[in-house]
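One structure is given below, encoded as structure tokens.
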Amino acid sequence: MSKFAVGERAQYQYASEHELQSLSVWRTTSSIETPPGNLWVVYVHGGAWRDPDITQTSFEPTITSLSNLSEHASALSLVAAFASLDYRLSAHPSHPQDTRATAASNLRNARHPDHVIDIKMGLKFLQDKFGFGSNYVLVGHSCGATLALQTVLGRGMVTPAEDIAVERPKGIAGVCGIYDMPLMLETNSHPAYREFVAGAFGEDAVLWETVSPAVRMKRDGKVLNGIVLILGYSVDDELIDEPQVRSLPELGQDVLVLRGGHDEIWQKGDGLARVVVEAVKRTAEK
């Protein structure tokens, strides 16, 4: 098998309104030309829609893990490139900004649907520039998993006037994800949970339910329409509990049980890499 390697990170601005409308691309390299049908892996980071310390580069430990472990070689031979998206963030009380002195292009004041609109703009940029169409796996950690599913659920996620047409992925992988916001608030009493949900979506509890992927899927049936869905859950996750992954029981999706804290999954990279490999293999088999 040819040796797998990942090239240098290239950064692109996919829109001009905000500095966070930015993404990174790592092209794969090998001793033979990458087949044109190989998959892109596109990552959406977490951070409760608001953490400025978690960025597109948080995917680098996972890429390093994928590159260094020989057992991943067969799956990686199916990958054309990796991409990781930033998006506009909501305000964070631990990272205050002076709204009078901060330029609009740097201000973190996003509200739904700003976050999901940015993800769709980033996907459209990638599809237009690199021409891979639907030949990709969309991977999200924490609220990034929420966003990944929201991009394909259509009606109710954004208004028709705000929507951006993108080709749907062949596969989605959600890792330590938030799928049912009302359920999360019911099983986690710490005020920080309600604080970050309200910060991203406002105080309308009906909206929290409407934009929750698990609620939408249960109500409307199999809206993924053939998209492969892989979920990863860590038994050591101190922030997102098991009821979130169990909120999608009727879909028949695969659930990988991981070890490590909520952020350790991406900080160390091995746990997230395991889910990426499984998602790539399952998507390529379909």
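Cβ atoms here come from the backbone N, Cα and C positions, even for glycine.
TrEMBL annotations:
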- 45-49: motif 'HGGXW' (MOTIF)
- Ser142: active site, nucleophile (ACT_SITE)
- Asp237: active site (ACT_SITE)
- His262: active site (ACT_SITE)
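Sequence-distant contacts of Ser142 (active site, nucleophile), defined by Cβ-Cβ distance under 8 angstroms and a gap of at least six in the same chain, are His45, Gly46, Gly47, Ala48, Val175, Cys176, Gly177, Ile178, Leu239, Ile240, His262. Close to Asp237 (active site) in the fold, though at least 6 residues off in sequence, lie Cys176, Gly261, His262, Ile265, each with a CB less than 8 Å from its CB.
Over all protein chains present, the Cβ of His262 (active site) has 18 other Cβ atoms lying within 10 Å. Applying DSSP to the motif 'HGGXW' (45-49) sorts its residues as follows: 0 helix, 0 strand, 5 coil.
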